[in-house]
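Listed in TrEMBL for this protein:
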- 128-140: compositional bias 'Pro residues' (COMPBIAS)
- 183-239: domain 'Type II secretion system protein GspB C-terminal' (DOMAIN)
- 12-36: region 'Disordered' (REGION)
- 74-101: region 'Disordered' (REGION)
- 120-169: region 'Disordered' (REGION)
- 43-61: transmembrane segment (TRANSMEM)
Amino acid sequence: MSYILDALKQSERRRNRRVPASGPAAPAETPPPPAPPFYRRRLPWLLLMLLLALPVGYLLGRFGAGWLGLSTTPEPPPQAQTPLTSEPASHMKEPAEAPPARTPVVIVPQTPRILVEAPPAVSLNEPQPGPRPETAPPAPEQTNAATAALPAKPERSAAPPEPAFDPGVPDIRELPAGVRSRLPALTLSVHIYSPDAAARMVNINGQMLREGQNMGQVGIERITPRGVVLRFQGNDFHLGSVGG
C-alpha cells in the first residue's frame with residue numbers, strides 16, 4: 001500500500017512541474033490525507049462475516065448429521081474369532097465295512113394252535129362258620145346268687161285317668177245349622193287362663209277380650225281352662241282353644 005502512495009505523490013509532482021512559468025503561479029495543492037491501511041478498511045467486514053459464520057456453522061453441525069444419516073452410536077468391537085483347528089487324522093472316521101451278504105430265510109407256514117384252558121369252578125356256597133368254642137352252662141347256685149343280688153324294680157302305679165272336661169254348654173259344632181249359619185267366623189288365637197278371673201284373656205279375631213266384654217253380637221261369658229264360653233242371640237256354646 002505504501003508503494004502505491006509513493007507513486008501517486010511522484011505523479012503529482014511531475015504534473016506540477018509541467019505548469020508554464022509565464023502564467024501566475026498556481027497555489028500549491030495540499031496533498032490528500034494518507035489512506036488508512038488495508039487491514040483497517042477490511043476489519044469491519046471481516047468481523048461481520050465471522051459473526052454470520054458462527055450460527056451457520058452451528059446449524060450445519062447440529063442438523064448436518066441427521067441429513068447425512070450419520071449414526072453417533074459406537075460400533076461394537078469385533079468379536080474374537082476362535083481359530084479352527086483341524087482334527088488329527090487319527091480321529092477321522094474310518095470307512096464303514098460293507099455288511100455281509102444276507103442269506104435268504106425260508107419261512108415254513110405252520111398251522112396255528114389255540115389252547116383254551118378250562119376256567120376255574122366258581123363256588124356260590126356261603127362260607128361256613130368255624131366251630132364255636134363250647135362254654136359250660138353256669139351253675140344253678142351262681143344263677144340264684146346273681147338273681148338275688150339284683151335290686152327289685154319298683155312297681156309303677158297306673159296314673160288315674162283324667163276326668164273329661166265338661167263346660168256345661170254345647171260345643172260350637174253341636175249348635176243347630178240355623179244358628180251356625182248366622183254366626184260369624186270365630187278364630188281363637190290367644191287363650192290365657194288363670195285362677196284369678198281378672199287375669200284371664202282371649203284373643204278372638206285379633207281382638208283381646210276379657211270376661212263380660214262383647215265383640216259385636218258375640219259376648220264373652222266366661223273363660224275356661226280349655227277355651228271360652230260365648231253367647232250369640234241367646235245361645236251359649238263353647239269355643240275350644242287349639243290344645244283344648
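Using the three backbone atoms N, Cα and C, a Cβ is placed for every residue, glycine included.
All annotation found in TrEMBL is predicted automatically rather than curated by experts.
For the domain 'Type II secretion system protein GspB C-terminal' (183-239), DSSP puts the residue distribution at 3 helix, 32 strand, 22 coil.
The predicted model assigns the domain 'Type II secretion system protein GspB C-terminal' (183-239) a mean pLDDT of 91.
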